[in-house]
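Q: First the structure, which I've put down as structure tokens, then a few questions once you've had a look.
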Ligand code: ARG
């Protein structure tokens, strides 16, 4: 079902009066209307107490609070509905965001995000799980945002272009052989739509963001395609997305069977970028600052593309794989990532769901341990099928 796509600048006007004051009665009425369907976290945590506190802020900050939850106010199918506008939102608006972050990440008691990139090579070897897993597409990414810039939901066109140019300078100097491809019209590294599609078909480049309701209403897709692009290493194992949901998505894709190798590659790239002098936004408690609170913590997502023809019944029962994965602390997505479909072989992107309260090293360990169980279930379903076939034959 395709819904009409609304833009942030239009939605925002609905909740502001002529003087620019935020209309809380309208906001609360909208939340009440949505409660009949699905209650996003943005909705659930916008309590009367939050409203009272919000009213004590300057008009500008109240407008920012509106911007943060504008996606949730626009679509009744958002689960979270939040996009931060600046790294400082996670301080200034913590009275609203903290309970929401804690609920999403299931955080109890006092806790603080820790980091650990000490990930062994030679230990998480997929062929030990199944000899067939000789050449697997292994991926890992971290989200990062750079201090001193607004987050993508509230950058203006100039800021997007300025940020992209700063990144081009980094790519030219940081020592990895590769090439930057820009979607910005007139950019010296500009690529055409056709060239961009080639990169999308290889699952390197992100989608045209203006087709995504969430990203349009929260402003992340504004000024498309200015300031957007991708850097790809010569051997196509390292990549950096510029100007998607976060300033940077630093990515490594390795074909092979040792999960530690993809981490090694990703860490090299991340360190290389850091050394170029960029300072990434981080919260003392909640870790890496990301546009969407769901990615806070390590900001890391690590996955493999695996085939699960039995569990998915030839790709026809994606829900079965998703449910089983969930019970193992994993997330199953389609081949093209979030909101995409699996194919007839049941090819899915499998990653651990935890982002917060786990270190980078634990993410890898959880993926490996989850895959041991998932492949065991996949194999048992094969045996199950064989048994059924055998009984049918007799
Ligand atoms: N904004 C969407 C929602 O609230 C997606 C959240 C998670 N995905 C993401 N790409 N940040 O439902």
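Every residue, even glycine, has its Cβ placed from backbone N, Cα and C.
Checked TrEMBL, it gives:
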BINDING   137-141, 203, 249, 301-305, 333-338  ATP binding site
DOMAIN    21-106  domain 'Phosphagen kinase N-terminal'
DOMAIN    134-381  domain 'Phosphagen kinase C-terminal'
Q: Could you check the binding-site residues 137, 303 and say which one's CB has the most other CB atoms within 10 Å?
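A: By the 10 Å Cβ neighbour count, 303 comes out on top.
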Q: When the domain 'Phosphagen kinase N-terminal' (21-106) is classified with DSSP, how many of its residues are helical, how many are strand and how many are coil?
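A: DSSP classes over the domain 'Phosphagen kinase N-terminal' (21-106) add up to 53 helix, 1 strand, 32 coil.
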Q: Averaged across the domain 'Phosphagen kinase C-terminal' (134-381), what pLDDT does the model get? Just tell me the whole number, please.
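A: That region's mean pLDDT is 96.
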Q: Is it possible to get the count of other C-beta atoms within 10 angstroms of the C-beta of residue 249 (ATP binding site)?
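A: Other Cβ atoms within 10 Å of residue 249 (ATP binding site): 22.
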Q: Taking every protein chain in this structure into account, which of the binding-site residues 140, 333, 336 has the most other Cβ atoms within 10 Å of its Cβ?
A: 140
Q: Specify the secondary structure state of residue 137 (ATP binding site) as given by DSSP, simplified to three classes.
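A: Its secondary structure by DSSP: strand.
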Q: Could you check what DSSP calls residue 333 (ATP binding site) once collapsed to helix, strand or coil?
A: strand
